[in-house]
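Here's what TrEMBL has on this protein:
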- SER31, GLY32, SER33, THR34, ASP87, GLY88, ALA89, ASP90, LYS100, GLY101, GLY102, GLY103, LYS127: substrate binding site (BINDING)
- GLU109: active site, proton acceptor (ACT_SITE)
Amino acid sequence: MDNLIEIAKKKAGIAAVDEFVKDGMVLGIGSGSTVVYAVNRLIERTKQEGLKVVCIPTSFQSTQLIVNGGLTLGDLSQFPKIDVDIDGADEVDENLNLIKGGGGCLLQEKIVAFNSEKLVIVADYRKNSKILGEKWKKGIPIEVIPLAYVPLMNQMEKLGGSPFLRLAEKKAGPLITDNGNFILDVDFGEISDPKKLNQKIKMLSGVVETGLFIGMANKVYFGQQDGTLDQKIKKTI
Ligand SMILES: O=C[C@H](O)[C@H](O)[C@H](O)COP(=O)(O)O
């Protein structure tokens, strides 16, 4: 079972790099366990073809992947315009809206995605939904300024959510993000209008960013259990 999930993730990671990455590009490198396969493919192509790309990280983890893999690290002040951002997701709805931040990295991920011409998502079959909240049951990750977390939990309840302060695993107390903030995981059940919900949450003072990525993804690869690939592509009107 676990092995099938890893095979599915790898399939998605390789497909995204092979379809979208070209020599000379500036790339966003997302975070999480699926992105690792995309980075491994980049490293492979760098060695095999002499591919040269600049990689903009979205977290401490992705910085480590870039540096340890011998890839060229850049930042947004040097490269404010990114060609392609490859990232993971916790859930994807039928309109390619995403829940992200299961690993706590949503703020830098959203900044990088916002400044990318294309956002390509790599995922496995468990993430493919019609409606956000259908499969991802841990709530929407929301990065907040620490001093505001209690009033914000009350505000989330007023919006109809059940908020939980995310706790660290090997330390007593809250998880601290790469940016020094807390994460609230807020369960809103199945979300029929993620755009509206995102706007309401972003109006609350003390909210830094939400894990709802609305209308940002261009293409999503879902690796399947049988080793094949499924895809969702943004509709252009
Ligand atoms: O904070 C973490 C990121 O948003 C990840 O991209 C997301 O949680 C998916 O991670 P994984 O590929 O490990 O399921």
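Cβ coordinates are placed from backbone N, Cα and C, and glycine is handled just like the others.
Taking Cβ-Cβ distances under 8 Å and a sequence gap of 6 or more within the same chain, the neighbours of the residue listed as 'active site, proton acceptor' are GLY30, SER31, THR58, SER59, ASP87, LYS100, GLY101. A Cβ within 8 Å of the Cβ centre of SER31, GLY32, SER33, THR34, ASP87, GLY88, ALA89, ASP90, LYS100, GLY101, GLY102, GLY103, LYS127, the residues given for substrate, is found for these other residues of the same chain: GLY30, VAL35, CYS105, ALA123. Compared over the binding-site residues SER31, SER33, the count of CB atoms lying within 10 A of a residue's CB peaks at SER31.
Just so you know, the Cβ of ALA89 (substrate binding site) picks up 28 other Cβ atoms within 10 Å once every protein chain is counted. For the binding-site residues listed here (LYS100, LYS127), the lowest count of other CB atoms within 10 A around the CB belongs to LYS127. When Cβ atoms from all protein chains are considered, those within 10 Å of GLY102 (substrate binding site) total 22, not counting its own. Taking the Cβ of ASP87 (substrate binding site) as centre and 10 Å as the limit, one finds 31 other Cβ atoms among all the protein chains shown. For the recorded site, GLY102 (substrate binding site), the DSSP three-state label reads coil.
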